[in-house]
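Features as listed in TrEMBL:
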type	residues	note
TRANSMEM	66-85	transmembrane segment
TRANSMEM	105-136	transmembrane segment
TRANSMEM	157-180	transmembrane segment
TRANSMEM	192-216	transmembrane segment
């Protein structure tokens, strides 16, 4: 019993749990009394659950905005790269030493397929962001009813899909398209230039993949620790309330 009491005391005095709980309670209290232009607050007061939902809503907004901007930029680059890349058709007017005659057809197919896949992935992410953002932007911070009616929790799968397609798979495909474009552009002119571009971008691809894995691992671990601390704090509070109730019954 003594050791369990010490553990409970240690958890109760945990600064991370206290900061988390204090921030949630302060946010709920501030939004409950907030109003527009000093007017009286008309919505239902926000609970801790509503504040957590509001945090998830803000995160979903940020992810969709970042996805829409990134997807629009990179898909536009892929379209311009395909349109502006000049490759001779290899007709009779061209000489046998023209670049078009030297570029292998499999390389052109690989470049066209990668660019088309890049555009498709980013267009899907952009479509999801465009459809979901208006529904999330219309949610009011000071209204618990609109926060609870927000679709960000139900549409979490689509939000994460848009985020991964845009910032994960989309950027990886973008780097691949850049490498293939250098090979198509410089294959017949200077293979050394294509090899140099590949040697520069290949380590970037490795670093990108490693960073993505480490980042998501650390983020998941951080969320798990915060959730575990909150659950332990709630369990300790429940035990304290139960003990207080038993004392009252005994009196």
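Using N, Cα and C of the backbone, Cβ positions are placed for all residues, glycine too.
Sequence-distant contacts of the transmembrane segment (157-180) (same chain, six or more residues past either end, CB-CB distance under 8 Å): 60, 63-64, 66-68, 70-71, 74, 77-78, 81, 107, 110-111, 114-115, 117-118, 121-122, 124-126, 128-129, 132, 197-198, 201-202, 204-205, 208-209, 212. Long-range contacts of the transmembrane segment (105-136) within the same chain: residues 57, 60-61, 64-65, 67-68, 70-72, 74-75, 78-79, 81-82, 87, 150-152, 155, 158-159, 161-163, 165-166, 169-170, 173-174, 176-177, 180-181, 183-184, 187, each at least 6 residues beyond the stretch ends and with a Cβ under 8 Å from a Cβ of the stretch. When Cβ-Cβ distances below 8 Å are used as the criterion, the transmembrane segment (192-216) is approached by residues 168, 171-172, 175-176, 178-179, 182-183, 185-186 of the same chain, each at least six residues removed from its ends.
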